[in-house]
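These notes concern the structure reproduced below.
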Amino acid sequence: MDDPYQNNVYQQGTGGGYTTYGGGGDQDGYGYQGDYPPQEEDAASDATEGHDEDDEMYEGEYQGIPHPDEIKAAQRAARAAARAKARVEAEGLDEEETLAEQYENIIEDCGHGRFQWTLFVVTGLALMADGVECFVVGFALPSAEKDMCLSNANKGMLGLIVYVGMMVGAFVWGGLADKLGRRKSLITALAINSIFAFLSSFAQGYGFFLFFRLLSGFGIGGSVPVVYSYFAEFLSMDKRGEHLSWLCMFWMMGGIYASFTAWGIIPHYGWGFSMGSEFQFHSWRVFVLVCALPAIASLIGLMFMPESPRFLLENAKHDEAWMILKQVHDTNWRAKGEPERVFTVSQIKTAVQDDEFIEIQSATGTAFQRWMVRTMTLVKQVGNKCIRTCIRCVQYHKPCETLLCFSYYGLSVWFPDMIKYLQYEEYESKVKVFHRERVEHFTFNFTLANQVHKEGEYINDKFTNIELKSVKFEDSMFEDCYFEDIKSTNTFFENCTIKSTVFYNTDLWEEKFIDCKLENTTFLHPKKGCHINFQEENDIVIYLVSFLGSLAVLPGNIISALFMDKIGRINIIGGSMLISAGCTFFLFMSFSQAAIIAWQCLFCGVSVAAWNGIEVITVELYPSSKRATAFGVLNGLCKLAAILSSSIFSAFVGITKVVPILMSFSALVCGGLLALKLPETREKVLQ
């Protein structure tokens, strides 16, 4: 049987080959040339049959213009020589090519084309799912709190639980991606997110919903650490900064997707269904279900993508790595109309192993004991690597990213909360107050809204088939009254006396009566659960704020992608954070909803460049054996900063704007100055 790779054997002198890869498997590398019989001198592959190399001539050759491939080869050789010289001067090593440099040359030879763009979409959908997860609970909460009768404490816990899950997930999946593989870890993480996001949409009780959202956040927490490490290891040095910045746009698309679907689904009550009185599936649950689609789409796409060859090389799986690199090479050049290009790599160097995975014989102990040994060894190695990486993160750029996270996520909560507060102030300014009114033998069959009734007397009155919106009765008396088919929102009776009164089919329960005196009062067929008012609880302005805030980062994404490799990562990060600090002072002029929306868009559009720069520099600062772990540690601590800042900033809403603004300004200035001291990685080969 013919060997399928017979025509891909490395030959000295072929165009675009690697003159340092030959030698067939000495102790410094893994050779492929000796594994297959050499081609005969006159042999030709099927791809090149019918082509005479002597007859093909580059049209610029007559004018002495070098071929583009020759220019790339010369640039590659110059960069390799410069790196070797720098390595000799800095570390006193010999000029032998390292695995990192060889891998960089291989990726350059594979080209940038169809394979990378396919992986770009697949991993981008996973990043989009992470962006969606940050908005799901915030959009669903106004309806969910009424559907499940949540207290203020429960609402706060539900808002934070997703970030807690994402924080833990980032630590876990980042470490596992460096031990088990990028693709395998990302598939498992997205599967967990999809399953529990699906289950949370059907959970009727608060406890189950909270638990499912926690596990959903735990799953999606692995998206950012793994996605950037995975995609970056298929990019050459001259493409890395730009295309990782383009990848960041999917997080923006996640915010737009969540805002748009929430706007289009939640206010429509008819999009849900019910099965009896115990199972209610309202439209906000449909929204939660739809938000799982990006993770599911990415999960399906990953089934057709290979593992990172760099990870395989770090784990001494050279055969698999070689096959995947050949697949990348052939896919790209075939799509570019050059199928005759041959993958010429014959030898790949071996990586130095940091630690060994303990293996035991199948005859040793029981299956459970062997599984426990392997599991505990994996946990210990991942934990030790996280600790070492965390220490290194502090030495590098963790303070810079933490300060950016603290400011960004804090203001992300502060903006919509301030808009709600301004809406509340405007609503309160229009409240109607009634003093000592006396109403007898009257039927209230119209909506009462935004009213306060003090020291009133209601005798033999009927309240039938009406809505009570933000109505408060204080020090009033109800005698021989009848309430039927009442729907209430933010309605209370305080210090009232209620005599000989009947409440039939209403949602007025004990919590609505504060320090009230009930005499001969009857409650018949009380409504279970809480009433959802889709017009009141789902303000279009909140969806619009998130939509515009997500869309505003588009110019910043484009600018950072175009200039990431031109002006450097450090200048992008430092400049973006310092300009963002200046933008925070405009918040002192936020006296209206329109002004807050405008300053939010400005802040998000400027600060996104710093985010993109941090993602790129994180990829380039850490070696392949610790890259995903470092991302996990950084992202986990970033979520911790988000939890702290969102709690602190929201506490000052309605009290003062000075403290949140000054805290954001200080954090961004300190982070920007620290960023300028980071090492530039623009010309750095992935280690």
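Using the three backbone atoms N, Cα and C, a Cβ is placed for every residue, glycine included.
Just so you know, TrEMBL annotations never went through curation; they're auto-generated.
Residues annotated as region 'Disordered' in TrEMBL: 1-55.
Look at TrEMBL and you will find 13-32 tagged as compositional bias 'Gly residues'.
Annotation comment: TrEMBL describes 117-141 (among others) as transmembrane segment.
According to TrEMBL, the feature domain 'Major facilitator superfamily (MFS) profile' maps to 119-682.
Residues annotated as transmembrane segment in TrEMBL: 153-173 (among others).
Listed by sequence, the residues of this chain that lie at least six past the ends of the transmembrane segment (185-203) yet keep a Cβ under 8 A from its Cβ atoms are 123, 126, 129, 133, 136, 169, 173, 176-177, 209, 212-213, 215-223, 226-227, 230, 281, 285-286, 288-289, 291-292, 295-296, 298-299, 302-303, 628. Among the features that TrEMBL reports, transmembrane segment is placed at 185-203 (among others).
Annotation source TrEMBL lists transmembrane segment at 210-231 (among others). Taking Cβ pairs closer than 8 Å, the transmembrane segment (210-231) reaches residues 119-120, 123, 126-127, 129-130, 133, 136-137, 157-158, 161-174, 176-177, 182-183, 185-186, 188-197, 199-200, 203, 243-244, 247, 295, 308, 615, 618-619, 627-629, 631-632, 634-636, 639 in its own chain, all 6 or more past its ends.
The transmembrane segment feature in TrEMBL is assigned to 243-266 (among others). Only residues 6 or more beyond the boundaries of the transmembrane segment (243-266), in the same chain, are considered here, and those with a CB under 8 A from a CB of the stretch are 112, 116, 120, 123-125, 127-136, 139-140, 143, 227-228, 231-232, 235, 283-284, 286-287, 290-291, 294, 534, 538, 540, 543-544, 546-547, 549-551, 553-554, 557, 560-561, 564, 608, 611-612, 615-616, 619.
What TrEMBL lists as transmembrane segment is 286-305 (among others). With a cut-off of 8 Å between Cβ atoms, the residues of this chain six or more beyond the transmembrane segment (286-305) that come close are 118-119, 121-123, 125-126, 128-129, 132-133, 136, 139-140, 183, 186-187, 190-191, 193-194, 197-198, 200-201, 219-220, 254, 257-258, 261-262, 265-266, 271-272.
Note on the transmembrane segment (540-563): residues 131, 135, 138-139, 242-243, 245-246, 248-249, 252-256, 258-260, 262-263, 267, 412, 415-416, 419-420, 423, 572, 576, 593, 596-597, 600-602, 604-609, 612-613 of its chain, located 6 or more positions outside it, place their CB under 8 angstroms from a CB of the stretch. Feature annotation from TrEMBL assigns transmembrane segment to 540-563 (among others).
Long-range neighbours of the transmembrane segment (570-591) within the same chain, counting only residues 6 or more positions beyond its ends whose Cβ lies under 8 Å from a Cβ of the stretch, are 400, 403-404, 407, 411, 418, 556, 560, 563-564, 599, 602-603, 606-610, 612-614, 617, 657, 660-661, 664-665, 668-669, 671-673, 675-676, 678-680. According to TrEMBL, the feature transmembrane segment maps to 570-591 (among others).
Under the heading transmembrane segment, TrEMBL lists 597-619 (among others).
Cβ atoms under 8 Å from those of the transmembrane segment (631-652) belong to residues 159-160, 163-164, 166-168, 170-175, 177, 221-222, 224-226, 228-229, 386, 389-390, 393, 398, 401-402, 405-407, 409-414, 417, 618-619, 622, 659-660, 663 of the same chain, restricted to positions at least 6 beyond its ends. Here TrEMBL flags 631-652 (among others) as transmembrane segment.
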Residues sitting near the transmembrane segment (117-141): Cβ under 8 Å, six or more positions beyond its termini, same chain? 155, 158-159, 161-162, 166, 186, 190, 193, 197, 213, 216-217, 220, 223-224, 226-227, 230-231, 234, 243, 246-255, 257-259, 262, 266, 284-285, 287-288, 291-292, 294-295, 297-298, 301-302, 305, 416, 542-543, 546, 550
